[in-house]
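Visitor: According to TrEMBL:
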SIGNAL    1-26  signal peptide
COMPBIAS  33-53  compositional bias 'Basic and acidic residues'
DOMAIN    95-157  domain 'Peptidoglycan hydrolase PcsB coiled-coil'
COILED    145-237  coiled coil
COMPBIAS  246-265  compositional bias 'Low complexity'
DOMAIN    292-386  domain 'M23ase beta-sheet core'
Amino acid sequence: MIRGKKILGALLTFTLCFSMVIPAQADDISDAKKKQQELEQQKNTAEAEKSELSSELDSIVSKMEKTQSDLTAKETEINDAETELVTAKANEDDQYQTMKLRIKYMYENGSNEFLEILMEANSIADLLNKAEYINKISKCDRELLVEYEDTRKDVENRENALKKEYAELESLQDELAGEQANVEKLLADKNIQINNLTSEISSNADKLKQLIAEAEAAEARRKEAEATAAAQAAQAAAAAQASASAGTSSSGNTSSNASATGTGSLTHPVPGAAITSGFGGRVAPTAGATTGHDGIDYGAGYGAAVYAADSGTVITAQYNSARGNYIVINHGNGMQTWYQHLSSMNVSVGQTVARGQVIGNVGTTGISTGPHLHFEVHVGGVPVNPLNYL
């Protein structure tokens with residue numbers, strides 16, 4: 001009766017622990033989901049900003065292409081103006097020389113006055129001023145000379161204006177090139193930000209997946225513990241009823257069931273093998289594995305024999321996607337031992353096994369990084385540190 005109360009007390013304690021752990025896991029999952037949403041929003045914002053920068057860059061490139069086209073056209077206009085200027089200067093000079101020849105002719109056929117005027121002239125303007133005193137110079141020659149001079153000046157002014165416009169276009173092109181470099185840098189930085197966010201989203205998604213898997217595993221263990229506790233309670237009630245009915249004659253039955261009840265002290269299921277991972281918190285060794293280690297791992301070669309840690313009855317011998325091939329032995333008094341990732345199982349449900357009996361072989365089935373035995377001890381339906389019982 002006292003033992004039953006102790007088991008019930010332990011069961012209540014472990015149930016309370018489960019009720020505290022599961023909400024904590026729910027909070028972690030909620031936080032991870034919230035973070036995932038925030039990261040996705042940040043990435044969407046960054047993608048939108050990248051799109052705007054790309055449009056801005058396209059606009060700048062388009063402006064640069066137009067400016068370059070304008071520069072090319074302006075350069076052609078300048079070249080044409082230079083050609084026109086050469087022609088205008090030549091026409092002006094030809095007309096000037098023609099007038100000089102005409103004056104010379106007039107001198108040779110007239111008085112010394114014309115020669116003196118010609119010799120004293122310093123420029124075309126000076127010549128024209130002096131020519132005002134000479135009525136014999138042709139009015140047509142004067143008009144042509146003025147026309148050619150005006151043409152030359154117009155072409156020079158146009159050429160200077162074109163060169164100024166060309167310089168302004170070059171300045172604009174340099175400014176656009178600076179803007180292009182700035183936007184390209186912003187785009188590069190934005191791509192780095194997006195890549196970092198993508199990586200962080202992936203990492204957080206893996207963490208969320210692991211948290212959900214751990215929560216599901218914890219919930220499964222809770223339900224399993226409840227079912228085990230209920231079965232043990234029913235078994236205890238049935239045994240108590242049978243004992244009350246049989247009276248003192250039950251001593252024979254107790255003797256016949258001794259082989260299915262353990263001693264409470266366990267032996268190592270893989271004698272001589274090193275313990276490669278202890279009980280409690282750890283870094284998950286592979287995807288899908290939990291960070292809370294409910295047992296201990298024995299490192300052993302593939303196919304090595306696995307022995308029953310104590311006498312008892314096999315209550316589970318099946319395959320599970322996480323545990324692989326696994327066996328559960330009930331030793332009575334609320335204690336069970338679990339043997340996981342087996343390559344093969346040599347016992348079946350309902351079979352009574354003796355302490356030290358071979359029940360299976362080491363393997364790497366289920367979620368596993370290599371051949372080993374994952375060994376658990378459950379008391380009251382809850383995993384405890386096996387080293388406290390070995």
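A Cβ is built for glycine as well, from the same backbone N, Cα and C atoms used for every other residue.
Context for these features, please: burial, neighbours, distances.
Guide: Remote same-chain partners of the compositional bias 'Basic and acidic residues' (33-53), defined as residues 6 or more beyond its termini with a Cβ less than 8 Å from a stretch Cβ, comprise 183, 186-187, 190-191, 193-194, 197-198, 200-201, 204-205, 208.
A mean pLDDT of 93 is what the model gives for the domain 'M23ase beta-sheet core' (292-386).
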